[in-house]
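Report on the structure given below.
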């Protein structure tokens, strides 16, 4: 059985169930090894790549589905809103200029990397820019298709960027000695009473409505930002109206499904048959490495200049994807609100300033000396 993906290509009905099943197996194994909550996005990434690659080899429909990623963003967004409602900025406001400066450096670095990729990777500057600019996978690929460039190459490089970052950050987390989560500390998969189910249903319904409204209003990253703001407002209103009640939150199953869906879609993009020149693919991967090195250098500088932990600074400056970095921040001992501000401001700027990026990337790179 086949259905059509958001991109118009066919997709097997059995693809997502197979990916979710393998995600459960891989993530459970990872959890037993490292005892960390971020394993679901890693397991999803690996499962999406493995299953999609198998479907491709078996000549089965395996096109990535934008709706799957949007659903994951909705689930993650509304789960983070109540968490953000319990945090405060305090004295950290004094360092926001540094944070925004780090975002600016990331953009400058992306432009430099794009020009180097265009010069040595055998691709035009617009394709190089869309492939290396730290924006969303689907957004950059869509813009490439609209302008007659290769959406598959753009999606491949963007997916590789997210995969590299999502794989490196947990390593940093483990090396830093992050506290483990023992089985007894894991919250219940589902609500334990009727009130919990009621609040969960209301949060879910409101999240999808908020996503639809944000999309209609052309809000950048609408599927993530709309539900996140809704969850934040709902949690603050609940705390103001119901004194002494437990904080508003979603069940653990909700959170891990959101993580898994985000990881799965990245894996699906990586498994596509790009049919691009080896030079272009290797150049894109080199650009990914250059962007990651730059973000780590900026993270070191931020950690030295601010009271923030190195892990927080890495998650703030890492070149996305924004949903994945926010998920890792929520599952680790970092300052979630700072990561949300840094990643979302970068993602919003990418979308709002798209005409500027297109203009910059139309200019030819300087000739070799």
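A Cβ is built for glycine as well, from the same backbone N, Cα and C atoms used for every other residue.
If you look up TrEMBL, you'll see 12-32 (among others) marked as transmembrane segment.
Residues or ranges marked as transmembrane segment by TrEMBL: 38-55 (among others).
According to TrEMBL, the transmembrane segment annotation covers 93-113 (among others).
Per TrEMBL, the feature transmembrane segment maps to 125-145 (among others).
The annotation transmembrane segment is assigned in TrEMBL to 152-175 (among others). Residues of the same chain lying 6 or more positions beyond the ends of the transmembrane segment (152-175) and with a Cβ under 8 Å from any Cβ of it are 34, 36, 38, 41-42, 45, 64, 123, 127, 130-132, 134-138, 140-141, 144, 263, 266-267, 269-270, 272-276, 280-281, 284-285, 287-289, 291-292, 310-311, 314-315, 318-321, 324-325, 328, 332.
The feature transmembrane segment is assigned by TrEMBL to 195-214 (among others).
According to TrEMBL, the feature transmembrane segment maps to 221-240 (among others).
With a threshold of 8 Å between CB atoms, the same-chain residues lying at least 6 positions outside the transmembrane segment (252-270) that come near it are 16, 19-20, 23, 27, 38, 40-52, 62, 64-65, 68-69, 71-76, 79, 137, 155-156, 158-160, 162-163, 166, 186-190, 200, 204, 321, 323-324, 327, 330-331. What TrEMBL lists as transmembrane segment is 252-270 (among others).
The transmembrane segment annotation in TrEMBL covers 282-305 (among others). Here the transmembrane segment (282-305) has Cβ contacts under 8 Å with residues 95, 98-99, 102, 105-106, 109-110, 113-114, 116-117, 120-123, 128, 131-132, 134, 153, 156-157, 160-161, 164-165, 168, 313-314, 316-319 of the same chain, all six or more residues outside its ends.
In this chain, the transmembrane segment (38-55) does not touch the transmembrane segment (93-113); fewer than three CB pairs sit within less than 8 A of each other, excluding pairs fewer than 6 residues apart. If you look at the transmembrane segment (195-214), the same-chain residues 6 or more away from its ends with a CB under 8 A from one of its CBs are 70, 73-75, 77-78, 222-223, 225-227, 229-231, 234, 238, 248, 250-251, 254.
Same-chain residues lying 6 or more positions outside the transmembrane segment (125-145) and placing a CB less than 8 Å from one of its CB atoms are 66, 69, 106-107, 110-111, 113-115, 117-118, 151-159, 161-162, 221, 265-266, 269, 283-284, 287-288, 291, 319-322, 346-347, 350-351, 354, 357-358, 360-365.
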